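The structure under discussion appears below in the form of C-alpha cells.
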Amino acid sequence: MVSETKQKLTIGVLALQGAFLEHIHMLNNLDLVEEAIPVRTLEQLNAVDALIIPGGESTAMALIAERCQLLEPLREFVRRKPTWGTCAGMILLADEATSTKKGGQQLLGGLEIAVNRNQFGTQKDSFDTLLHMPELVGDDPFRAVFIRAPVITAILSDSVKVVARLEQAVGQTEAETIVAVRQGHLFATAFHPELTHDDRLHKYFVNVALQHLS
Ligand code: GLN
C-alpha cells in the first residue's frame with residue numbers, strides 16, 4: 001500500500017517477452033520515477049505502484065503469464081492500479097479482440113474497448129507517423145512507431161476517452177482510426193513510444209499513475 005503523499009513511483013514493466021528494456025531505460029531517466037523494474041513474478045508485481053505492458057506478441061505474453069501463474073494476478077492488478085499497454089499490451093488490456101489466434105487467446109481485459117490485431121499487415125508494413133495529442137504532450141506532434149500494430153475498432157463505454165487518432169489513411173486503414181485511449185487509471189497506445197527518444201508519453205503516464213495510486 002502506498003501513502004497518498006507518495007511523490008516518486010516504482011513502476012514495473014512486464015518482462016515476460018517483448019520490448020520491455022526500452023521502457024525501463026526511458027522510465028529510469030524520469031524525475032518522478034524512484035525505480036523502474038522488470039516484472040516476472042508475483043512478488044515483483046506486488047512491489048510496483050504502476051505497470052507497463054510492453055509491445056511484443058500478445059499471444060506469447062498471455063501464454064507465458066498463464067504458465068507463470070501471473071494471469072489472474074495481472075487481471076486483479078489492472079482492475080485497480082495504473083497500467084499502460086503499448087501495442088501487444090493494448091491488446092491484452094482490451095475487453096474484446098478480433099483477428100485473434102486460432103482457438104482464441106487470453107486477454108486481461110479491463111479496458112472497455114475492442115481492438116483488431118495486426119491491422120496494418122506484417123512486420124514489413126511497419127511505419128511511423130506524426131500524431132497530435134495536445135492534452136497529453138503539448139503542441140509538438142509525437143512520432144508514433146507502429147509495428148504489426150492493432151487499432152481500436154470500438155469504444156464500449158462512455159468512460160473511455162479517445163486521445164489519439166491516425167491523421168492520414170495508412171493502406172486500407174482510414175484516417176481518424178483510433179490509436180490511443182485513456183479510461184481512468186488505464187492508458188493504451190497502439191504504437192511504441194519507447195522506441196523513440198521522446199519521453200513525453202512516459203511522463204504523461206507517470207502523472208496518470210500519481211493521480212490514481214491505490
Ligand atoms: N501483433 C502483435 C500482437 O498481436 C503486436 C505487435 C507489437 O506489439 N508490436 O500481439
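Glycine too: its Cβ is placed from the backbone N, Cα and C atoms.
All annotation found in TrEMBL is predicted automatically rather than curated by experts.
Features as listed in TrEMBL:
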ACT_SITE  Cys87  active site, nucleophile
ACT_SITE  His192  active site, charge relay system
ACT_SITE  Glu194  active site, charge relay system
BINDING   Gly56, Glu57, Ser58, Arg117, Ile147, Arg148  L-glutamine binding site
Rounded Cα-Cα span from Cys87 (active site, nucleophile) to Arg148 (L-glutamine binding site), Å: 8
Among Cys87, Ile147, the one of these recorded positions whose Cβ has the fewest neighbouring Cβ atoms within 10 Å: Ile147
Recorded positions close to ligand 1 - of Ser58, Arg148, Glu194, only those whose C-beta is under 6 Å away: Ser58, Arg148
From active-site residues Cys87, His192, Glu194, the one whose Cα lies nearest Gly56 (L-glutamine binding site): Cys87
Active-site residues near Glu57 (L-glutamine binding site) (Cα-Cα within 10 Å), from Cys87, His192, Glu194: Cys87
From Ser58, Cys87, Arg117, Ile147: recorded positions whose CA lies within 10 A of His192 (active site, charge relay system): Cys87, Ile147
Inter-residue Cα distance where the pair is Cys87 (active site, nucleophile) and Ile147 (L-glutamine binding site), in Å: 8
Among Glu57, Glu194, the one of these recorded positions whose Cβ has the fewest neighbouring Cβ atoms within 10 Å: Glu57
